[in-house]
Structure formats: C-alpha cells, structure tokens
C-alpha cells in the first residue's frame, strides 16, 4: 500500500524557510515604507509585493491569466444595467467558472508513465501542457525537459495552482464590496456592538481628500480624492503576501481600511510611536512565541502518535496488491482512536499554518479573523464546530453568500448552497472529480440544519412559551416541558436530552474526519461500522462519553467570565446572531 507521511503541514514545513525569507523581506520593506510620512509610499510597496507574489506563485502566463480574470470581475460592479442582486449573482457565477477553468486546465492530474522511476511510476501535468506538448510528456524525463511551457515561471510558479482558490475568494470580496459601495447598500443594524474588525468588514470605504508630504488634510484640494475601489488597492489586496497562500481570509474593506489606519488594539507596524502601539507590538511578539510553542508541540505529537502520518494519506484501492486494507487490520477501538488523533493533528497543524500567516500580517499592522477559536474537543454541535474551525471562512460565507441568500429566514436554501460551494472550493482538479467532498458537504449541511432547527425551536419556546401545533417541533417542546417538570417522567426526558447531546458530536466526527481520507472514506466506514457487536459497543460508549463531555463543557462555560475588551476581536465570530456555520 502507498503509506506516505505527507500532509498539508509537512508540505508547509518544507516551504517554511523560503516562505519565512519572503515574509521577512516583505516586513522590512513595509516597516521602512512607514518611516516616511507618505501613505502613497506604503501603498506602492504593497502593490509591488502583490504583483511579485502572484508572479512567483503562478508564473508569467499565470499572472496574465489572473490579471484577465481580475479585469473581468472588476468590471461587473460598474455595469449600470445590472441590478445589485443580478450583479452579485454574475460575480459568483464568474468566480465559479474561473475556478473550474483553472482546475480543469491548470490543475495537476496524475498519469502513469512506463519507466518513470519517481513517485511509483506517476507523473503529473496539467491539461494545458498536454494540449501544447502532446505525447512528448510521456517521455521518461521531467516535464520541463520535454515541454517548454512547463518551465518554472512560465505556465506556473513555485505555488501549486490550487492556491488560486484563495484568489477566487478575494475576487468575490473585492467585487462585492465595490458593488455595495457604488450602490449604497445599507449597513445592517447592530453593527456598533460588534468588534472593530467586523465593523471595518461591513462599512463602505469613503473617499477622502488626497494629501501628500507637503500638505495636510485641511489644506488639500477637496476635489482630488482617493478612490479606495481602484486597481492599485485591488493589486495590493489580491497578492498580499502574509495571507496569500493559506489565509486567514480577510475581506477587501477590512484590508484597505487597515492599510490606511491599523487597528492598534492587537496589531502594529513601525508607526506611530506611542504607548498603545508599543503594547500592540508586545502582543504580536507574545503571539509569535505561542506559534513557536505550537510548532514544538506538533513535532512531539508527530513522533509519539503515528496514526496521523499513516492513516492520513493511506490508499486502499482496487489497484493495491494487498487483499486487506490497514483499516481492516485495526480493531474498531484502535481505528476510532486513530481517527480522533487525525482530527486533533489536523486541528493543530492548520492552526499553526493559519496563525503563521496572521502573525506576519499583524506585524504589518493588518489584523484578520482568528481561525480555530477553541479546542476542537469542546465543540459538540455542527453549528458551533464550523464557527470555531475555519472562522474566517465562516465570516466570508456569512457576508457574501449566506445573508444574500436570505440568512436564517431561508436557512433551508442558504446552508446547503454554502456547503456546496465549500465542497467545490476544496476540490483541486475540477467539479465532480472528488465526490467525497460533496457527500461531506451534504452531510454537514444536514447536520447544521438539524442543529439550527433544534436550537431555534427551543429558543422560541423558552422566550415565548409557545410551540408549533404539531410535527417534530411539538415533540421537542413536549420533551423540554417534561424535562423541566417535577413529574417522574422527567428522568426519561433528561436521558433523551443527554443521549441526544452525545449523539451530536459522534455524528460530527464521523461526518468530518473521514473526509480526510477522501476516496478511502467508504472503506473506513465499512471497517468501523460493520464489525457487529464491537461496532455497536463502540458507538454506545462514544454517545455516553460525549454526553458527559457536553455536560462538563457547559458547566465550564457557565462559569467563564466575559472576555476583556482587547480579546473581543479574536472572538468576534461567536458574536453573530445568525451564521452560515460553514468552513474549509
């Protein structure tokens, strides 16, 4: 079997030296640009690095492709004949088409080549290379020696093309924010109670009088203004180095507003030199120390817990020369432990990747939403899990897809569409090529809808004392009444609620962790759930264990004091009343 100790963290760790050098160079240039009094110098520096990062990531032809797509998507908000809703729909359709074209023509597809002695006889090339070079790619040589278009920095750069999916999200953000600003979209109510980062995400960028080194805002010509929805800011945003390769995801409005005026509560560049900025710099240093500690922890984790390296990338296909898969050679208890370890390894590795990018952005004075807002074991519902896992993606989907589709008033439509897009967003070789992602999306959407139905029904009953006349909502409310009564049957209701809260996290784990195995998911489910009484005993044990865990977590949260003001930006995702609860 093909057992490879390879995952996203291993790939990221291999590129860490070169990536760190690029980020250090970027920060030095950014700090030097802040020493002057001209904001135009800082913007020019970010535009330069934006273009540079896109070029080194996608190459010359790739940069041209991204530029053409960007010009098309930037033109949509400025078409007066399109209404706001139609223009937003066009933006989404164009972005999905761009992602599909990139995946289809530039995504890496595996091909067996006789005599090729690297990676077990497999070479990878994209469809565009095959269209240009044809059968020459089957030669027993690296692609760059048999196909001129394959040379570095021509058709592609140092980053794989699936990184384009982050650029696609930025297309949606900059085009939508531009559209809503030009059309004067109303800001939603209650924004003042949110964190400053949320407010900057939601508020339109207002044109201001342009100034230079010799004049102040008071003495400038009011007829000459800075247009924040222009190509210079677009380039700076699309190629922003710290958040380019993996995120966290930041909206266009929030990026540009911080480019002009940083949020000094938890981020800082070189200026201004005051006490608040010094405290912010100290906070960034402490944040960096925490990231280093996490990197040490995951190295120890990887040495002593072999499951994540073996189970994460194992293949159990019909092409394997072995009659059994490793999944079948483990007991159901070992298999579940391995799955649980994989979950925590994935949680820890993605936390490091995302926090590294956020750390560099904070050092530049750009704050972004924190991903992984809590320990993965402390979240036992689908809605809560997706609010804390890829929280910046959750914020993005909330603003640009969930709310435009109707939000909680049409959750039956908005939630499945959100997860359908997220499943497509995870694919690397085109729509439908990895069906496991769509099964994952469907099951998560179903879990979120069920969670929302339960939470909303109980919340309405506890607030108004009313319930539906019939149906599942009525049964749920009757069960809640029994639980709160002093009748003997309340113990049965308590037991039902306890088992229900234990069943939720079991379903959450069984739905999400096997998605890591993709094509091996069915084999995993078969090995775990089709072992007779062993599987039944495991599931009963898990339901009881997670039911107790939910009780403990609720007790801890009930005693938790409110967060200090400076930490509110880190917890902003949990403050939304309505959330799509979807992430990557």
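Glycine is treated like the rest: Cβ placed from N, Cα and C.
From a predicted model like this one, the values you see are computed outputs, not experimental measurements.
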Ranges 533-558, 559-584: which does TrEMBL label region 'Disordered'?
559-584
With the ranges 284-307, 308-331, 356-379 to choose from, which does TrEMBL describe as transmembrane segment?
284-307
The residue range that TrEMBL labels transmembrane segment, out of 152-172, 173-193, 194-214, is 152-172
Top Cβ-contact partner of the transmembrane segment (16-35) among 47-74, 234-255, 437-454 (pairs under 8 Å):
234-255
With a Cβ cut-off under 8 Å, give me the same-chain residues at least six positions beyond the ends of the transmembrane segment (47-74) that come close to it.
22, 26, 29, 91, 94-95, 98, 102, 106, 149, 152-159, 161, 163-164, 167, 171, 174-175, 178, 231-232, 234-241, 244-245
For the transmembrane segment (437-454), could you work out the same-chain residues 6 or more beyond its ends whose Cβ comes under 8 Å from its Cβ atoms?
381-383, 386, 408, 411-412, 415-416, 418-420, 422-424, 426-427, 472-473, 476, 504, 507-508, 511-512, 515, 518, 521, 581-582
